[in-house]
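Encoded as structure tokens, the structure appears first; notes follow it.
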Amino acid sequence: GMGIGINLPPCIKNGEYCNPWTGSIILGGACCGTCTDYECH
């Protein structure tokens, strides 16, 4: 890798809570799939 120095958190698994406006309750987190109805799918 390029070694920029930014470690992104792992993606949020399906079935776990997510916020469609911020992506998730974990800063920088994102669903492995898509976030709909406040749940990762």
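Yeah, the Cβs are placed from backbone N, Cα and C, and that goes for glycine too.
Between Cys35 and the candidates Cys18, Cys32, Swiss-Prot records the disulphide pairing with Cys18. Here Swiss-Prot annotates a disulfide bond for Cys40; of Cys11, Cys31, the partner residue is Cys31. The Cα of Cys11 (disulfide bond) lies closest to that of Cys31, out of the disulfide-bonded residues Cys18, Cys31, Cys35, Cys40. Between the CA atoms of Cys31 (disulfide bond) and Cys18 (disulfide bond) there is a gap of 7 Å, rounded to the nearest whole number. If you draw a 10 Å sphere around the CB of Cys40 (disulfide bond), it holds 21 other CB atoms from the protein chains shown.
Cβ neighbour count within 10 Å across all protein chains ranks Cys18 highest among the disulfide-bonded residues Cys11, Cys18, Cys31, Cys32, Cys35.
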